[in-house]
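For reference, Swiss-Prot has these:
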- G127, K128, G129, G130, V131, G132, K133, S134: ATP binding site (BINDING)
Amino acid sequence: MSRTDRNAADLKSAVSTALAKVIDPELQRPITELGMVKNIDIEPGGNVQVGIYLTIASCPKKSEISKRVTKAIADVPGTAAVEVSLDVMSDEQRTKLRKKLRGDAREPMIPFAQPNSLTRVYTVASGKGGVGKSTVTVNLATAIAARGLAVGVLDADIHGHSIPRMMGSNQRPIQLESMILPPIVHEVKVISIGQFTEGNTPVIWRGPMLHRALQQFLSDVYWGDLDVLMLDLPPGTGDIAISVAQLIPNAEILVVTTPQLAAAEVAERAGSIALQTRQRIVGVVENMSGLMMPDGSRLQVFGEGGGQQVAERLSRAVGTDVPLLGQIPLDPALVAAGDSGIPIVLNASDSPVGKELLRIADGLSSRQRRLAGVSLGLDPSRR
């Protein structure tokens, strides 16, 4: 082998090593591990031509993938111009990829319901609509993701879905054979029935269809290794709440209420479902907890004491401490942030609302799933 050939081989090896550090923005795995590198060609002078496979031709992240590949190669000493060409996986390659990601199981399983799952699952519930449950969900999820954790949001409010709008996303999921790849928005994986409907078309489904949709979102969607999954439930204790308890029995309930005592009574019923489903209540969040005035005082527009009342009554009902995790002030900026699709924890984190949401998120993200029933891979017979 000539010195030129040897140099080219060394450079190709270095480029391959660099590509192993390029993470696919949707699958969150190295592109080399996913079989996405088609070819690496080294030309005289250090010019590099690399071919990359996309899962589908209309991949919404193809520009991002191309940029990441180009940058990774350009940082390799000895490389000159970089040319990236994109191709599309064959059906056989997609099947191989799906098996690598999900295994060869004929029936997809719900990963979060498995005994060895370390994902913390929070179901955000409320007794009635209009208390800001979805607003709390998107802000807590985004705040936790900003802390570096892998987070997913499942919009389980099939009839009243609003998560895509509040996250500022109109992306559609990618279908990879029988597997669904959710869009990633603000570093959060998001799935909603609203991503599959046209315009503002209503979803007119009854119980069995709702259960099946939820089951598919949990099993057919490739969530990857999540630290936290948040489900935005519809108000009340209907079909979806029951299905969640059946499909993910380890899910913990986060109750959202307003300070109004009448609303608190309804929220208490939403939390009391834990008595029947044997789920754990992680805590209560009081939203719209007074309007901050210019002089620093707080105007109690919707009364006061509702959140504390729910926490105390649920504590007595379940026999364990149910804390009041936080009280989020009433702020028009929070509404505007939801309409704009940029959660307030991202664009106004120093505001009273932003600070309180971040404080609640810190409490939830610092809690680890209990290891009861989880195999640690230890064999006491081995020394």
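In case you wondered, yes, glycine gets a Cβ from its N, Cα and C as well.
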May I have the list of same-chain residues other than G127, K128, G129, G130, V131, G132, K133, S134 whose Cβ is within 8 Å of the Cβ centroid of the recorded ATP site, in sequence order?
S126, P235, V256, T258
Distant-in-sequence Cβ neighbours of G132 (ATP binding site), under 8 Å, six or more positions away:
V256, T258, N287, M288, I328, L334
Which of the three DSSP-derived classes (helix, strand, coil) applies to K133 (ATP binding site)?
helix
Among the binding-site residues K128, K133, whose Cβ has the fewest other Cβ atoms within 10 Å?
K128
By a simple count, how many Cβ atoms lie within 10 Å of the Cβ of S134 (ATP binding site), its own Cβ left out?
25
Test of understanding: give the count of other CB atoms lying within 10 angstroms of the CB of G130 (ATP binding site).
10
Could you check the binding-site residues G127, G129 and say which one's CB has the fewest neighbouring CB atoms inside 10 Å?
G129
Neighbour count, 10 Å Cβ-Cβ cut-off, for V131 (ATP binding site): what number do you get?
27
